[in-house]
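Structure first, commentary second.
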Amino acid sequence: RAVFIQLTLYNPSVQLLTAVTLLAEFLPTGGVYTTAHFEPINFYTFTSILQLVCTIIYIFFIIYFMIIEIRLLFELRLKYFHQFWSLIQLGIIGCSLGSIGVYFWRFQETNRISQLFEQTNGYIYINLQLAVYVNDILTFLLGYCCFFSMIKFVQFFRFNQRVSLFAETLKYCAKELISFSLMFAIVFMAYLSLFYLLFVSKLSSCSSLLNTAQMLFEMTLMKFDASQIMGADAFLGPFCFTLFIFLVVFVCL
């Protein structure tokens, strides 16, 4: 059993909407587990002409790079996908086009919310769950686009001796890095499943797979308060924590 309280806050001075979700979950043991989520959303992205102009220029550049990559694809055919920088370029183009599409989706949702707000003068509850979902997708796509773009900078600065040395080092150790990443991913996913299944009902940091993964990364960096796991279970908590630190931190890393 659970009780949800959802409300929407609006600050007209900064044009900021906030979707608030308060949850009280009644556990079978008799306790009450409470959580609160505050998700601010700013639908008004373009606050100046400069931002709009830069966005238009960026779209033209994406179209230009897309034409170049299509020509290379027809020339190289399957060999095109064997080149690392071609895959990076495809990642940039794909995330950029996806961001444009999701932005128009968010723009349509913004108009719907604005019209509903004007019709009711804000006296009824406006559900922002879809708007929050669309905004999160746009944020993820922009984040991946920045990630691929930063990797692309390595190719642009390849004339620099240090950058060129770094790129050649990654090229020669690519197989070893891929093998280690695969091994680490298997071990990490195993511990992710273990901690999630054992402590999902006992720790808020294990309430979802994403939160559990974040907790394990903090444990890997040795920046985690182990008292939470120790208090969750007298035996499994210390045992799983010690096993994770020994195998992942001291053996794998």
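Just so it is clear, glycine is given a Cβ too, placed from its N, Cα and C backbone atoms.
TrEMBL does not curate its annotations; it predicts them automatically.
Quick caveat, the model's predicted, so the values are computed rather than measured.
Listed in TrEMBL:
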- 1-43: domain 'Polycystin' (DOMAIN)
- 46-253: domain 'Polycystin cation channel PKD1/PKD2' (DOMAIN)
- 49-72: transmembrane segment (TRANSMEM)
- 84-105: transmembrane segment (TRANSMEM)
- 137-157: transmembrane segment (TRANSMEM)
- 177-199: transmembrane segment (TRANSMEM)
- 229-252: transmembrane segment (TRANSMEM)
Could you give the mean pLDDT over the domain 'Polycystin' (1-43), rounded to a whole number?
83
Find the member of 84-105, 137-157, 229-252 that has more C-beta pairs under 8 Å to the transmembrane segment (49-72) than any other listed stretch.
84-105
Could you tell me what the rest of the chain brings near the transmembrane segment (177-199), counting residues at least six beyond its ends with Cβ under 8 Å?
170, 206, 209, 212-213, 215-216, 229, 232-233, 236-237, 240, 244, 247-248, 252
Distant-in-sequence neighbours of the transmembrane segment (84-105), which means Cβ under 8 A and at least six residues beyond its ends:
45, 58-59, 62, 65-66, 69, 72, 134, 137-138, 141-142, 144-145, 148-149, 151-152, 155
Other parts of the chain folded back onto the transmembrane segment (137-157), taken as Cβ under 8 Å at six or more residues beyond its ends:
85, 88-89, 91-92, 95-96, 98-99, 102-103, 106, 163, 166-167
On the DSSP side of things, how many residues of the domain 'Polycystin' (1-43) fall into helix, strand and coil, could you say?
0 helix, 31 strand, 12 coil
